[in-house]
Each structure stands twice: as C-alpha cells, then as structure tokens.
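> Can you keep this structure in mind? I'll have questions shortly.
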Amino acid sequence: MTSAVSFPITSQASDMLSKFYGSDLGSLYGTLAEKYSGGKPELAEKLRDYACKGWFGYSSPILTSVTGSGLPISCFLLYVPDTIEGLVDHTSELRWLSVMGGGVAGHWDDVRGPSAKSCGTIPFLHTVDADMSAYWQGKVRRGSYAAYMSISHPDLIEFITMRTPTGDVNRKNLNLHHGVNITDTFMRCVERGENWDLVDPKSGAVAHTVSARELWERILETRFRTGEPYLNFIDTANRGLHPALKRKGLKIRGSNLCNEIHLPTAADRTAVCCLSSVNLERYDEWRETDLVECLVEMLDNVIQTFVDEAPLKTPHTARAVRSAAGERSIGLGAMGWARYLQKHRIPFDSEEAVRLTGIIFRGIKSAAVRATRALAKERGEAPDLTGYGVRNAHLLAVAPNANSALLLGTSPSVEPEIGAAYVHRTRVGSHQAVNPYLKRDLESLGLDTEEVWDSIVSNKGSVQHIAALPDSLKKVYKTSFEMDQRVIVRQAAERQRHLCQGQSLNLFFPIGADKTNLSDVHRLAWKSGCKGLYYLRTCAGRTGHKIFEAKKNPEKTEECTACQG
C-alpha cells in the first residue's frame with residue numbers, strides 16, 4: 001500500500017529518509033499503516049491517508065521498526081535496586097534495551113549513599129557512562145541514558161555537577177543526562193528559607209544538612225551553565241498516576257530521557273512507552289475527524305507488537321514486557337504548535353495562545369479517552385486496569401519529536417521557535433531553515449528580499465529590528481529568547497491539565513538573565529502544576545551566518561551555534 005504525500009518534503013527531510021529509512025515517505029507510511037493496523041484494512045487505509053496528509057508523525061523507533069533492526073519503543077524507565085545483584089542486573093538490562101533502540105532512564109533514589117561499606121552511586125553511574133559509548137541505540141547511534149535522583153539523596157550535590165567538565169574525570173559522567181526528583185516539601189523549604197536534610201535511603205540517617213535555598217540556587221546555576229539537570233516534580237507526577245496503578249502500590253520514581261513520560265517503576269517492572277504526535281499546524285484540517293482515535297488504536301497495536309516480539313530478541317526485556325502488557329500505557333503528543341499560531345498570526349506568548357492550547361488539548365484528551373474505552377470493550381481491559389473500563393492506563397505525553405517534525409516540515413513539539421531563519425543542525429547535517437509564514441507576510445509587504453533575510457539571520461533569527469514590519473507581526477515572530485518565559489510556563493500548565501503524563505518543557509533565557517526572575521519562573525512551573533522542566537536553553541549572543549550565501553556556497557556552510565543549552 002503506497003501513496004504520495006500531499007505536503008512538501010524539504011531537502012533535509014529527503015536526506016533523512018535516504019540515510020536512515022531507505023524509502024520514499026509515501027511507501028514508508030504505507031508499510032507502517034499495514035504493520036500497525038492490527039489486521040484492520042479500514043484502519044490501515046486511514047493511517048496511510050492521514051500520514052500522507054501530514055496530520056501526524058510516527059516516532060523514530062516506529063519508523064525504523066520496518067527494517068527489523070529494533071523495537072518500536074521510544075522509552076524504557078528502569079528502577080535501580082540497592083543491591084550488588086540489582087546493580088549488575090541493571091547494567092545488563094540497560095545495555096540490551098539500548099541495543100534494541102530505546103532511550104533509557106534509571107531511577108536511583110533507593111541506592112544507598114557513600115559509607116565505610118559503600119562507594120555510593122557515582123562510581124556505578126560512571127560505568128553506565130561508559131556503556132553509552134559502547135552499546136549503541138539500535139546499533140546506529142550512541143546510547144542515551146538519563147539518571148534521576150531524589151533531592152534528599154546524600155550523593156545529590158556531586159550528582160548535580162557530574163556533567164560539568166572540571167574535577168576528577170573518574171567521577172564525571174559527560175555521556176549521561178540527569179534529572180532531580182524534587183518534592184513539594186523541598187520547594188516549601190526553599191520558599192521559607194529553611195534547611196534541608198540529605199538522608200541515606202538505606203539507613204535513614206541524615207548525611208548532611210544544607211540550606212534549601214542554596215541547594216536550589218546551585219541546581220539553577222548548573223542548569224544555566226549546562227542546560228541540566230532536568231527538574232522532575234515527583235509529587236505532582238504521582239498525583240497524576242492512574243488510580244488503578246496506585247491501588248497496586250506502584251509509584252513514579254523518575255521520568256525518562258526527555259522528561260515527558262511519567263510511569264511507575266519497580267524491581268519487577270520496567271516502564272515502557274511508545275510515541276506518536278499529531279501535527280497541530282494542520283489542526284484545522286483534522287479537528288473534526290477520528291485522527292486521535294485512530295492513533296490511540298495504532299499505538300495500542302505497537303504495544304502489542306512489542307509484547308509479542310521483544311521476548312524473541314532477548315530475555316532481558318521481561319520486566320518491560322510485564323509492564324507493557326499490564327498497563328499498556330502510550331504517549332500521544334503533538335508537534336507544529338508554533339507554526340499553527342504563526343499561520344493564524346497569534347503571538348506564542350499571548351493569552352489567546354494559552355486559551356487555545358487548553359481547548360485543543362481538552363479535545364485531544366476527550367477523543368483519546370473515548371478511544372481507549374472503545375478498545376477496552378473490543379479487546380478487553382489491560383490486566384492492571386480491571387474494573388476501570390479502559391485499555392490503556394496513560395494516553396498523552398508530549399515529546400520533543402524534532403525528527404518527526406522535520407519529516408513533516410513543521411515546528412517541533414509545543415515549544416516556540418528559536419528564530420525565523422537559521423541553520424538547522426541534525427544527524428543528517430546542516431540545512432537552512434526559513435519560516436514559511438514569515439515569508440508569506442514579508443511577501444505581502446514587499447519585504448521578501450535577500451537583504452531582509454540576511455539581516456534576520458545576522459540578528460539571531462529575530463525580526464524586531466525590521467522597521468517596516470508592523471508591531472503586530474513582530475509579536476507573532478518573536479524568538480523563544482524574546483518571549484516572556486512566565487507565559488510559556490502558564491501555557492504549559494494549561495496544557496498539563498489535559499495530559500495524563502507530561503511534556504518536554506524547555507525554557508529560554510539570555511546570557512546575563514536576572515537570577516531572581518530565573519528562580520521565579522522555575523518556581524512558577526512547580527506551583528502551576530507542571531510535572532517537570534526539560535532543558536534550560538541559553539543564548540550566547542553570537543550572530544548567525546548569511547543564509548543566502550550558504551545556499552549559494554553549500555561547501556562553506558557553517559553550523560549555527562548561537563543558541564546553546
């Protein structure tokens with residue numbers, strides 16, 4: 001089953017297809033529709049048609065699963081036990097899951113701190129750091145791992161700075177990502193200026209007592225310098241856990257590689273999530289259709305494929321298969337949000353955008369719940385969900401989805417764009433990116449010239465310097481660094497009300513940002529109900545390269561490094 005896509009394919013998307021998928025997009029979509037239709041011709045036809053219209057995108061693991069080289073799973077979340085046997089087993093499991101193509105996260109809260117009989121967590125994390133260079137994701141790119149640790153762990157202070165390049169190289173973990181599980185109690189201590197105890201999870205003894213505010217400031221300083229650690233508001237996440245899973249005594253102990261998955265882990269349970277994303281840029285085209293229902297069914301079929309095929313590849317998937325079969329959680333997300341707003345000339349950091357994101361995601365949630373209830377009637381409830389009338393414990397999670405967005409020629413995820421014109425660097429090389437809606441508006445004003453575009457790139461993708469551009473359009477095309485980050489957080493909080501999992505939420509601050517404002521924005525994310533914060537991006541203030549010169553002389557193209565996180 002093949003068909004031509006009805007949206008333009010960029011040169012960058014074409015290069016990615018050629019290098020990683022060896023197929024034209026229409027043929028690839030046809031193959032995927034057949035594979036994940038569950039044997040239903042009508043669903044296969046709809047999936048093919050909706051994909052070719054650019055209404056949604058598959059995650060990279062699902063795209064590559066047609067080659068048979070890996071599993072269609074994006075995320076694996078592993079509990080790390082406090083025993084030598086458990087630590088060795090964790091290493092073995094993460095290696096195999098990485099080779100199977102998934103990103104891996106480890107939840108380290110329960111591993112004891114350093115003592116006369118224990119070296120603590122950092123040396124064990126160092127072995128994981130080495131593994132990521134050796135055990136490649138899907139055998140095509142270096143492995144990816146995120147470690148999560150409690151805000152009260154004795155190793156926390158060293159953990160926070162383990163990705164900074166100075167210090168003992170044997171205790172640095174530059175190949176890993178990391179996140180801190182932050183509790184409500186800690187945040188209240190920060191607000192009140194109280195002390196905070198770092199407590200050994202094994203003995204219960206207080207290892208250190210520190211100022212909560214100073215620890216908070218240290219975390220933010222490290223985020224500002226390196227982009228990490230992620231912040232994972234663990235109590236908020238656990239409040240959103242499905243009640244059936246709570247009744248089983250399960251709890252969330254961390255997030256995933258991209259901080260949007262919030263599922264329970266345990267010694268016998270490795271959380272799994274498969275992903276797909278609707279394209280909000282084309283929301284007006286699909287809003288009255290059954291797109292969301294079709295994608296929920298498709299992702300449930302992906303889960304079943306994993307349950308059926310994973311044990312045949314390695315026995316080290318047993319915990320993941322148990323979790324996937326038991327709760328059948330999926331992660332339907334979104335991309336193209338910035339482009340949708342630009343299409344309709346709505347500023348990203350506006351009250352109207354906050355209102356619209358609530359309306360749109362309320363509708364997506366309602367459709368997803370209808371779909372999982374229908375699947376429960378047709379196929380049965382998941383074993384962990386008996387009596388709740390649903391097939392899938394969790395349904396919605398907004399991932400970064402940069403590669404999926406690239407294939408569809410839209411903006412990634414639900415975040416603002418870094419600029420209206422820039423050099424976009426991905427795993428297939430560097431390409432020039434020009435905002436099509438700004439081009440539309442510049443054409444209408446007689447400003448679509450090489451000189452204007454060169455000035456935009458020279459000003460880090462900004463249009464604020466263009467005198468002939470009306471203020472109303474300058475607001476629409478603000479870069480992510482020109483926006484009020486508090487409005488971005490408020491918008492994310494409105495969206496979070498309708499997400500059973502989370503969202504990869506980035507923040508953007510210029511070099512020299514006010515420390516008080518930085519802290520206030522992060523605290524607002526916690527107070528307003530966001531489950532976590534992903535990267536903190538900083539703008540280094542360098543100018544871009546002449547985009548049209550790069551087009552004429554591709555051999556001289558340089559990569560834009562203006563914005564670093």
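Cβ from N, Cα, C; glycine included.
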> Among Gly101, Gly103, Gly227, Gly429, which is the one Swiss-Prot gives for the substrate site where Ser60, Ser74, Cys75, Asn256, Leu257, Cys258, Asn259, Glu260, Pro400, Asn401, Ala402, Asn403, Ser404 also bind?
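Candidate listed by Swiss-Prot for the same site: Gly103.
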> What is the nearest of the recorded sites Asp82, Arg112, Tyr534, Tyr535 to Asn256 (substrate binding site), using the Cα of each?
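If we rank Asp82, Arg112, Tyr534, Tyr535 by Cα distance to Asn256 (substrate binding site), first place goes to Tyr534.
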> Between the two most separated Cα atoms in Ser60, Ser74, Cys75, Gly103, Asn256, Leu257, Cys258, Asn259, Glu260, Pro400, Asn401, Ala402, Asn403, Ser404, the residues recorded as binding substrate, what distance in Å do you get?
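The widest Cα-Cα gap among those binding residues is 19 Å.
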> To the nearest whole angstrom, state the Cα distance for the pair Asn403 (substrate binding site) and Arg112 (site 'Allosteric effector binding').
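Between the Cα atoms of Asn403 (substrate binding site) and Arg112 (site 'Allosteric effector binding'), the distance comes to 38 Å.
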> From the Cα of Cys75 (substrate binding site) across to the Cα of Asp82 (site 'Allosteric effector binding'), what is the distance in angstrom?
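Each residue's Cα considered, Asp82 (site 'Allosteric effector binding') and Cys75 (substrate binding site) end up 23 Å apart.
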> Starting from the Cβ of Glu260 (substrate binding site), draw a 10 Å sphere and report how many other Cβ atoms land inside it.
29
